[in-house]
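Asks: Have a look at the structure that comes next, please.
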Amino acid sequence: MSRVVHVLRAGRLTYQAGLDLQRAVSSTVANSPNGPLRNVLILTEHDPVYTVGIRTKAYGPEEERRLKQLGADFFRTNRGGLITFHGPGQLVAYPVLNLKNFQPSVRWYVCHVEKTVIELCRRFGIRAETTQDTGVWVGGGERKICAIGIHASRYVTTHGLALNCDTELDWFGHIVPCGIEGKGVTSLSRELGREVTVGEVTGTFLDSFRDTLECDLEEMDEDGRLALRNSLF
């Protein structure tokens, strides 16, 4: 059983490029369980985009057109959950893991993703928690700081989490984030009263991820990057 996770720092990507990269990585992980890339953690930021999960309630073609007119892209995906926003200043992490190398349980996995973010917030001096609603929350469950939406096929995970660092939160004002009425959205920057960049947060996130999932992290080398590039074309 391998608990080595290769870290792929993808930089800023369009959402479509992020989907293409996930497909390439998940194919490699699923089809080569004994290969060199058994688990991969993709780290990225996205250009402004609204994404809808498998529950598309209230976001039909008219709403799609309205949101695109704001200058953001719009995608329908196979992840869990309703609508959310991704954009600059948000750490997006896509763990593409073979859960057979960890615990073959989607519930276990989601719980550990939540614990990773809660531990990260603790290290920044913020008390975070889960509620009956998805994601990670602060302020007694009133303000969402991290959205979580995953997909799993044959125990290989895709999609993941989006942690607001210094995200422009006005984008969320045009939707009902994750379909939850009466709740707010926040960021590390807003909670701490200072600018907290994705660059500042990334190292702490990796430490929390490693400790929570009890895995070893290795930066992806050029051979791994080349193999993925070849699989994209």
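The backbone N, Cα and C atoms fix where each Cβ goes, glycine too.
Worth saying up front: this structure is predicted, and the values here are computed from it rather than measured.
The following feature annotations were taken from TrEMBL:
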- C178: active site, acyl-thioester intermediate (ACT_SITE)
- R79, G80, G81, L82, I83, T84, F85, H86, A147, I148, G149, G160, L161, A162: substrate binding site (BINDING)
- 35-217: domain 'BPL/LPL catalytic' (DOMAIN)
- K144: site 'Lowers pKa of active site Cys' (SITE)
Asks: I'm checking region-level scores; what's the whole-number mean pLDDT for the domain 'BPL/LPL catalytic' (35-217)?
Replies: 93
Asks: Just the number: how many Å between the Cα atoms of G81 (substrate binding site) and K144 (site 'Lowers pKa of active site Cys')?
Replies: 14
Asks: Taking just the CA atoms, what is the gap between K144 (site 'Lowers pKa of active site Cys') and I83 (substrate binding site) in Å?
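Replies: Cα to Cα, K144 (site 'Lowers pKa of active site Cys') and I83 (substrate binding site) are separated by 13 Å.
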Asks: Roughly how wide, in whole Å, is the group R79, G80, G81, L82, I83, T84, F85, H86, A147, I148, G149, G160, L161, A162 that binds substrate, by largest Cα to Cα distance?
Replies: 15
Asks: What residue among the recorded positions R79, K144 has the most other CB atoms lying within 10 A of its CB?
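Replies: Answer by Cβ density within 10 Å: K144.
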Asks: Just to confirm: which same-chain residues, 6+ apart in sequence, have a Cβ under 8 Å from the Cβ of G149 (substrate binding site)?
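Replies: Once residues fewer than 6 apart are set aside, G149 (substrate binding site) is near G53, T77, R79, G80, G81, T84, T134, H159, G160, L161.
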Asks: Which one, from the binding-site residues I83, A147, has the smallest tally of other C-beta atoms lying within 10 Å of its C-beta?
Replies: I83
Asks: Near the Cβ of L161 (substrate binding site), how many other Cβ atoms are there if near means within 10 Å?
Replies: 24
